[in-house]
2 protein chains.
Amino acid sequence: MMNELEQALVEKYDIHFEDEHLLLEALTQANYLNEHPEEKGDDYQRLEFLGDAVMQQSTAVYLFKRYPDWDEGRLTELRISMVQTRSFAALSRELHLDRYIRLGRGEELSGARQRDSLLEDIWEAFIGALFLDQGQAVVMDFLDKILFAKIDEGFFDQFVDYKSKLQEYLQQDGPVVIKYDKLDEKTLANNDQIFTVEVAVNDEKLAIGKGKSTKSAEKDAARTAYQQLVQTK
Amino acid sequence: MMNELEQALVEKYDIHFEDEHLLLEALTQANYLNEHPEEKGDDYQRLEFLGDAVMQQSTAVYLFKRYPDWDEGRLTELRISMVQTRSFAALSRELHLDRYIRLGRGEELSGARQRDSLLEDIWEAFIGALFLDQGQAVVMDFLDKILFAKIDEGFFDQFVDYKSKLQEYLQQDGPVVIKYDKLDEKTLANNDQIFTVEVAVNDEKLAIGKGKSTKSAEKDAARTAYQQLVQTK
């Protein structure tokens with residue numbers, strides 16, 4: 001089992017774990033050890049403590065250097081959307097870490113293997129193990145490929161509530177009226193629907209958004225409007 | 001002014017800043033720049049964003065390696081007491097950073113120069129600047145001398161509410177009766193008073209503490225009791 005993971009790490013990311021006990025520790029949940037007293041070693045929690053901090057610093061250093069013109073508010077905002085449960089759970093799944101977790105029986109039965117909170121912990125523990133085994137530079141290279149590259153794909157947008165952000169931004173100097181109006185609704189050949197929505201503040205048009213539902217079109221419009229406003233500030 | 005700081009860094013910590021603009025940025029508050037439009041450069045806030053994360057990781061890595069037998073709960077607890085406002089403000093004062101902050105006039109008048117929250121920000125910004133200028137290894141060496149060494153002096157105990165911790169610990173399996181009894185009260189030659197207090201749970205004596213007030217003697221007793229209980233767990 002573990003060999004598959006180690007092989008995937010070598011092939012996709014050129015990562016060669018020296019101490020595979022560390023990798024195993026990162027994938028071992030406490031109750032598994034209770035149920036297997038013959039097993040030596042620790043569960044993932046100490047490595048999670050370490051990896052949590054490594055993720056925070058690695059992401060902060062990357063964003064600081066990549067966006068020299070951004071103020072700390074924008075940097076913090078993007079960091080929060082990157083360093084959080086749903087993002088880390090998605091990374092665990094991308095690396096198929098979920099397959100290799102050594103879980104207690106009760107946790108297995110309750111569906112913990114697919115739970116975001118466990119997959120977040122496991123991601124942090126994996127990064128803690130990688131940091132100890134290979135050092136900061138290898139962690140940064142790896143995150144470059146698997147995490148930072150996703151910024152340009154807009155991957156982290158899904159974790160940001162742009163309608164709230166837009167509202168907060170527009171109401172800085174007092175109350176305003178923000179309206180979302182549906183401009184268009186089309187049904188495609190494959191039966192998907194595409195909605196087009198416009199967002200306006202005090203009757204001034206700000207941006208247009210598209211999506212497969214009214215809600216996602218509104219979110220798209222809010223994101224475009226918010227990003228335009230922040231960039232031209 | 002700045003030369004004094006740079007000289008102190010060299011003499012006490014063998015730190016030679018390459019780019020003194022970074023050091024200046026770490027010590028510059030936003031309104032100072034508003035009032036001095038002729039000044040180029042940035043305020044400390046981006047460096048604070050960076051230094052905050054560097055402090056988190058540096059401390060986590062140090063504690064993880066120093067205490068191989070501690071579980072993540074104890075590690076987290078000590079880290080929280082180290083990486084927090086009052087601790088960072090004390091470090092800023094120890095380095096006399098407060099003297100060198102370039103403050104706006106309004107902030108100066110309102111006493112911000114001695115405010116813990118500003119001194120915390122300045123400490124983080126200073127660490128961000130040091131990280132950029134000298135790299136992780138120099139930051140770790142520096143923190144070894146100025147921060148980590150204080151663990152053995154019990155410096156961070158002052159930031160921990162041991163009475164609450166003891167209560168939490170003892171009540172894990174249901175309610176208990178915790179009592180603090182004054183055993184003794186002495187007045188020393190210099191007129192200082194020394195109080196001696198005993199803490200007991202359900203009439204079982206746990207520990208004795210001493211202090212210059214009943215409150216500090218109770219805290220001392222709680223700390224001793226808590227640390228004994230956690231260590232023998």
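Placement of Cβ uses the backbone N, Cα and C atoms for every residue, glycine included.
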Further Mg(2+) ligand in TrEMBL, beside B:Asp121, B:Glu124, within candidate set B:Glu48, B:Glu72, B:Glu185: B:Glu48
Against chain A, in sequence order - recorded positions B:Glu48, B:Asp121, B:Glu124 with Cβ under 8 Å: B:Glu48
Across the domain 'RNase III' (B:6-135), average pLDDT on the 0 to 100 scale: 95
Entry from the binding-site residues list B:Glu48, B:Asp121 having the most other CB atoms no farther than 10 A: B:Asp121
Neighbourhood of B:Glu124 (active site) by C-beta distance under 8 A, where only residues 6 or more apart in the same chain count: B:Leu47, B:Glu48, B:Gly51, B:Asp52, B:Met55, B:Phe88
Residues of the domain 'RNase III' (B:6-135) by DSSP state, where helix covers H, G and I: 95 helix, 2 strand, 33 coil
